[in-house]
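Colleague: Supplied in structure tokens, the structure appears directly below.
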Amino acid sequence: MFSSDQSCCWFVRKVICWRAVASMAWSVLLLLPTTALFVLLIRFSLFHPILWISECLSLLTSASAIFSFILLCGVVLMVGFFNLEYYTVVPSIACSKIALLGQVLHPRQFVHSLVHCIMGVVVAWCCAFTIGGRYRSLGHSCTQDESSSGPEMCLNEYHLVLLLVGAFIGYSHSLVGVVYNMNYVSFHTMQQYKYLRFKGALPLVVKASAVQALYCLRTFLLLYFFMGYAPRAWICKTLDLNINSSIHSLDSVSSLLDLSLLYHLWISGTFLLLTWYITVLLFRIFVTEVYSFPVQSTFTEDAHQCLPKVITGTQPMILKFLALQDLALLSQHSPSRRLEVFSLSQPGGHPHIWTALSKECLSLLSDLTERLVAHHDTVATNGRAKSQSTGGNKRSTTSSEGSVTSVGMEDMKTPRPGALIRTPGSVFLRSSVGAGLRTPLTIPFTPDLDSPFSSPALRRLTGPLEPQGALSPGFSSIQSPHVMRRGPKLWSASTDSQLNGSPPPSPGPAPSPSQAQLKPSFLVTFLQNRKDQLPEASSQALFADSQVHIWALQGLSHLVAASFSEDQYGIVQTTLPTILSTLLLLQEAVDRHFKLPHTSSKPGHCSCSMGDDSYKTLRFALRSTLKTSVYRITATFGGHLHAVQMSAEHRKRLQHFLEYKE
């Protein structure tokens, strides 16, 4: 028997390492045209094109250029090694600035930043040697005054600035990797050939390199303008170099605005980032390539490489991701492999393959449901929705909570693969069952207007929106400006009044024009945005690994739909009640999560174009995939699902899918 460690070892050794080596090899090969393009741009001469081409050709074939190219190859290989060591398929989302600072100051990240600084200096030295002229060496001979006995060695500040730019861009690349999750490797929904993926992403890589180099150069010039004397004095003292007093230092406005200097620094920084970004891009393309696992093995010693065995592993995470990706593709595009999933073991006649695959998928979906329920409970604990002060309202709210809790207890009887934590009814209380009385949601992260730290502008912002007098059915007592600005529901007052036979309540006094045009100040908006970032990051972290759940949903639903005509033994029908109950429970938890306040409906955009922010859209993809999966099953089985045992609430929810009303 093979242990899980042995299963991981064969996959890392035979698959991941070889894919990483292949990406590094292609990075080294692409370094040749990239270096040639850099030489052409750095030696560009518009008025002497023939001399320009001849100088570039002679430089590229010189021994010094070959030595520089060897150094660049070593840097590219080192970048590829760090990609292999630091990559992750589950992004690390910092929910606060303190957590982000902890990631930046982590010893592992410190080593990463230090090595990238050194590699940036090496690339900058190769660029300085390629440019030549005033950038060629760190020191040059100079004569300070007439009384000196001979020439002395003075500091070449142009060479020093180019080296410092390389170190600064190297550190910035490492820092940006932490902030924008550049080590995160995502899986594309559309399967493409490696060449087509690289071709499509190459213009984005070139643009990202040029823009990022420009931003880094701007920041570096500001720092060097104020603190340039410190590295200059340290280098002179360490290497026993003098400062040429006849030449102005570069930490002045006139010197830093030298167009030739700015162009050389920008092109060198772009070349540095371009070689590194190409290495990152190729690693992402190669490591996420689809891998086809055998469904069952003829030999016992290869059983640990089969899909039912691999899919239950946890380390490395990319092994589980690739296994679930293969399951999703298998269920859609491979009828022959689906027959192996629906087959029975010999001897014995047991559906071991289907049992292992379905059990793991249901376990993943149940774990996600538990996480969502736990998140709801945390939100309910930390929320600050204001309670009603009158005793009648309290009694109505209590009776409403009891009615909703009884409905929740009915859901507890639904069969499912594991014991799920049921969310209390009071957490998701929407409206009471009484005569038109509506109770507020439990809102997390709402500003406490009674707090002494609450600004007067925030009170003025939310004050006019509250109804005067008695609480009308269309309003709630939520004090968050994001919720209150939606205004009353247009149908609430009229509908409830007609049902009760009472006249509709009169609206409150209209706000004055000065109050209607009142806008929150910049400080209030800034503080509110900073407050909203915490629940938004928490929501993103909650769905950070939802790609596996998306594949589990696709694999389960397609297999269940295919079993209608391909399952000869009816093994899927035995687990159909559990599958439907698990999907409906997850659907309920996801719907409740998106009804929470501050849950963004549009993902934010990443300012670093090489940073993969696709994890911000995973929750939306999961929600649509979940609904599509249920529709796929109901559209295939149709009225046969009425014979499936489930709770009354789930049957009602399933009927909505059957009638295409969900």
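Cβ from N, Cα, C; glycine included.
Okay, so TrEMBL annotates it like this:
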TRANSMEM  20-44  transmembrane segment
TRANSMEM  56-80  transmembrane segment
TRANSMEM  113-131  transmembrane segment
TRANSMEM  158-180  transmembrane segment
TRANSMEM  201-227  transmembrane segment
TRANSMEM  263-287  transmembrane segment
COMPBIAS  379-395  compositional bias 'Polar residues'
REGION    379-422  region 'Disordered'
COMPBIAS  396-408  compositional bias 'Low complexity'
REGION    445-515  region 'Disordered'
COMPBIAS  502-512  compositional bias 'Pro residues'
Colleague: Cβ pairs under 8 Å only, please: of the recorded stretches 20-44, 56-80, 113-131, 158-180, 263-287, which one is richest in them relative to the transmembrane segment (201-227)?
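Modeller: Out of the listed stretches, 263-287 contacts the transmembrane segment (201-227) most.
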Colleague: Output the single range from 20-44, 56-80, 113-131, 158-180 maximising the number of Cβ pairs under 8 Å to the transmembrane segment (263-287).
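Modeller: It is 20-44, which has the most Cβ pairs under 8 Å.
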Colleague: Mind checking which residues of the chain, 6+ beyond the ends of the transmembrane segment (113-131), have their Cβ under 8 Å from one of its Cβ atoms?
Modeller: 38-39, 42-43, 59, 64-65, 68, 71-72, 74-75, 78-79, 82, 159, 162-163, 165-171, 173-175, 264, 268, 271-272, 275
